[in-house]
Structures are given as C-alpha cells and as structure tokens.
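> Just lifted these from Swiss-Prot, have a look:
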BINDING   L9, A10, G11, K22, D70, D96  GTP binding site
BINDING   D96  Mg(2+) binding site
Amino acid sequence: MDAVTGIILAGGESRRFGGGNKAFRMLDGRTMIDRVHDTVKSVCDDMVIVANTPLDYLGWNAVLATDLFDFRGSLVGIHAGLMSAGHEYAFISACDTPFLKQAVIKTIIGGIEDHIDVVVPEKKEGMEPLCAVYSRRCLEVIERHLHQGRMVIKAVYNKLRVRTISEKRLRAVDPDLVSFWNINTKEELEKAEAAIKAGRIS
C-alpha cells in the first residue's frame, strides 16, 4: 500500500455547538478529535492537523497547519493540509466523524493509482469529499479555484481524475455507514452518546 499522510480538518469555534471548539467535545470519555486521530493514525504513515488555533495541538505528534487564505472553508483546509503533507497522497477527514472505521479508510486508500487524483466515497446521497484521498497534484487546481473565490469542493473534481468508491463497497466494511455520521450540534452529540450506551455503535 502506498505511503499516505493522514490529514484532519480540525477547524475552530463552532457556533452550532454554542461556541467552543467542537473537536474537543467529549464523546464516551474521549474527545471527538482523539477518536478520529487514533483511527486515521492507525492506517496512515504521518499526520497533519489543520486548525484555526494550532497552538491547541502543540502536544500532538502531528504537523500543524493553518489556513493560507484569508477566508475559511473546507476547501481552504484541504489546501493547507496538502501543502503540509509528507507524501504524494493524503487521506482527509473532518474532526466531527467520531465513528470513522479503519476498514473504510483502507478501502478508500485501496483505490489509489498513479493516474488518479482523488478517491472519494459515493453514497446514494452523494459524494463524501471530507472522507477521501487527495493527491498533491490537486493543489494547482484547488489554488486556482480559491484565488477565484470558488469554494465548492466538488467543483474542483471537474478538473481532476476522480475515482469513486461505491456505497456497496463501503457497506461491505461499514454496514450502517457510521463512518459518515457527522456530529454538528449538541443534539447530535446526545444522540451519539445514547447510541453508544445502547450498544448500537462503538
């Protein structure tokens, strides 16, 4: 398997959580970013954390990066992460998917080939660009879009060689697709805690 950098988009303050950094919200005794970090690190060869407040992560064994453009957004975070990646390919994850499965990451990474720029899961609801592999070759196209103020990740795909991973293949290793469960609000965090306590998820 190719050497791959793991990149976590940690962001910063979350208004939907009522302020504070949602990456450090506790879930079943661990922060959300701890859960994501440990899963990604178990598969990837080195780590990058992209954060608005990188000083919060000084104790972590990871390269720390921050946005290089004045405006914020996931595409800006992807750009910052790829700029700091130690390998040609990087697996990118958001910090708010605490049930991300190692097997899902391996399945996505397994789609890497020299002629492919992006490997992205595609469920019936659409693609999952924040649980995907990107080549550093994407940087030129991403920078062009950012300089033009174009922030939609999927719009970048039109200029890149993209391989999708089908929902069928994803369900083979994650039947309930819990890897893609985003925790964006206090209510969703409470539902996740309840699911863990009920033994429906771990």
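Heads up, the Cβ atoms here are built off N, Cα and C, so glycines get one too.
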> For K22 (GTP binding site), just count the other CB atoms lying within 10 A of its CB, please.
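Its Cβ shell of radius 10 Å holds 26 other Cβ atoms.
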> Taking the residues L9, A10, G11, K22, D70, D96, which the record names as binding GTP, find the longest CA to CA distance and state it in Å to the nearest whole number.
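Looking at L9, A10, G11, K22, D70, D96 as a set, their Cα atoms extend up to 23 Å apart.
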> Let me know the most crowded of the binding-site residues, choosing from L9, A10 and counting other Cβ atoms within 10 Å.
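Result of the Cβ crowding comparison: A10.
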> Which residue, out of the binding-site residues D70, D96, shows the minimum number of other Cβ atoms inside 10 Å of its Cβ in this structure?
D70
> On the three-state reduction of DSSP, what should I expect for L9 (GTP binding site)?
strand
> Are there any residues at least 6 positions away along the chain from G11 (GTP binding site) with a Cβ closer than 8 Å to its Cβ? List them or say none.
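In sequence order, the residues whose Cβ lies under 8 Å from that of G11 (GTP binding site) (at least 6 apart) are N21, K22, A23, A51, N52, G77, A94, C95.
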> Per DSSP, to which secondary structure element type does D70 (GTP binding site) belong, with helix, strand and coil as the options?
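The residue in question, D70 (GTP binding site), is coil (DSSP, three-state).
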